[in-house]
Amino acid sequence: MFLRSSVSRLLHGQIPCALTRSVHSVAVVGAPFSRGQKKKGVEYGPAAIREAGLLKRLSMLGCHIKDFGDLSFTNVPKDDPYNNLVVYPRSVGIANQELAEVVSRAVSGGYSCVTLGGDHSLAIGTISGHARHHPDLCVIWVDAHADINTPLTTVSGNIHGQPLSFLIRELQDKVPQLPGFSWIKPCLSPPNLVYIGLRDVEPAEHFILKSFDIQYFSMRDIDRLGIQKVMEQTFDRLIGKRKRPIHLSFDIDAFDPKLAPATGTPVVGGLTYREGLYITEEIHSTGLLSALDLVEVNPHLATSEEEAKATASLAVDVIASSFGQTREGGHIAYDHLPTPSSPHESEKEECVRI
């Protein structure tokens, strides 16, 4: 914990030497939404990430920023569970419809859209909105969980464990119509999705991954191959044949809980700091990042203020490295090296010394 906070402070201290030229136009959308699951507090994730210095960090990287603020979602007073199990379906459906409109507007305006969650059910809206302008997009899903249960296979009833099932075309004959979900148009196919960091996959999800040949890299795969090879294979799969926009959906619980304790479903044995930032640095290097979700930061689940701040600060590092922050430090964009003001300056200095 203390080590991760120190690393973050070191990176932050290097930023004043960062790029002096703007390289990205970034829209920031706060999505303070928690009804994709049952734990309170994840709706405060956007505020925590902002307070950790996100906008300042992006600005120091030279990004042009359009801040959409934090969205205010429609309240649904009577939202009975679907099938006596799936909670808050109408709230989730309506909120994602509203979010999709904002993401669509940001992307159509030429911005790379960063959505701050909020729980991971929000990916229904972010990917849907993104796909309206980039129907050929691909998705890199960094998470401890596969989040591909259907409303008929879920055990928890939480929609934050189901978002991808509503988006994948080939799954639609297995997905019932939930109230509030009629607006969704499935926009993904299995070859356009890669998972990184899985370590808590339910039996039905594993069946889906295998049946539809969805590429995934579990933590065991990362241990076996190394994160460099994982990223090489990810890019070969998604952008090897043709370049297309990347949607990065990053759940903070992909990291080991020692680094990101303030989250709702932590699982031991997660990504290290170096592995997590290598993922985002490599995605940035493609020049194809078009939208990014950073979800599941829950300050209320921290056991101390330091844990809450460390988790939010880690989220900022993930986003900043997606837009050009490098661990070797920032680099001023030099056009030329300075020269002495006159050709005799060195001779004059020598005379003074004599």
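Every residue gets a Cβ built from N, Cα and C, even glycine.
Straight from Swiss-Prot, the features:
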TRANSIT   1-22  transit peptide
BINDING   HIS120, ASP143, ASP147, ASP251  Mn(2+) 1 binding site
BINDING   ASP143, HIS145, ASP251, ASP253  Mn(2+) 2 binding site
BINDING   HIS145, ALA146, ASP147, ILE148, ASN149, SER156, GLY157, ASN158, GLU202, THR265, GLU296  substrate binding site
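Annotated features taken from Swiss-Prot, shown on the structure.
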residue	record	contacts (Cβ under 8 Å, 6+ apart)
HIS120	Mn(2+) 1 binding site	GLY36, ASP143, ASP147, HIS160, GLY161, PRO163, SER249, ASP251, ASP293, VAL295, GLU296
HIS145	Mn(2+) 2 binding site	GLY161, LEU198, ASP200, VAL201, ASP251, ASP253, THR265, VAL267
ASN149	substrate binding site	VAL155, GLY161, GLN162, SER165, GLU202, ALA204, GLU205
GLY157	substrate binding site	PRO81, LEU85, VAL86, VAL87
Remaining residues near the recorded Mn(2+) 2 site, that is with C-beta within 8 Å of the centroid of the site residues ASP143, HIS145, ASP251, ASP253: HIS120, VAL142, ALA144, ASP147, GLY197, ILE252, ALA254, THR265, VAL267, GLU296
Environment of HIS120, ASP143, ASP147, ASP251, the listed Mn(2+) 1 site - residues of the same chain whose CB lies within 8 A of the CB centroid: ALA123, TRP141, ALA144, HIS145, HIS160, GLY161, PRO163, SER249, ASP253, ALA254, VAL295, GLU296
Which listed residue (ASP143, GLU202, ASP251, GLU296) has most other Cβ within 10 Å, given these are binding-site residues: GLU296
Binding-site residues listed as ASP147, ASP253, least Cβ neighbours within 10 Å: ASP147
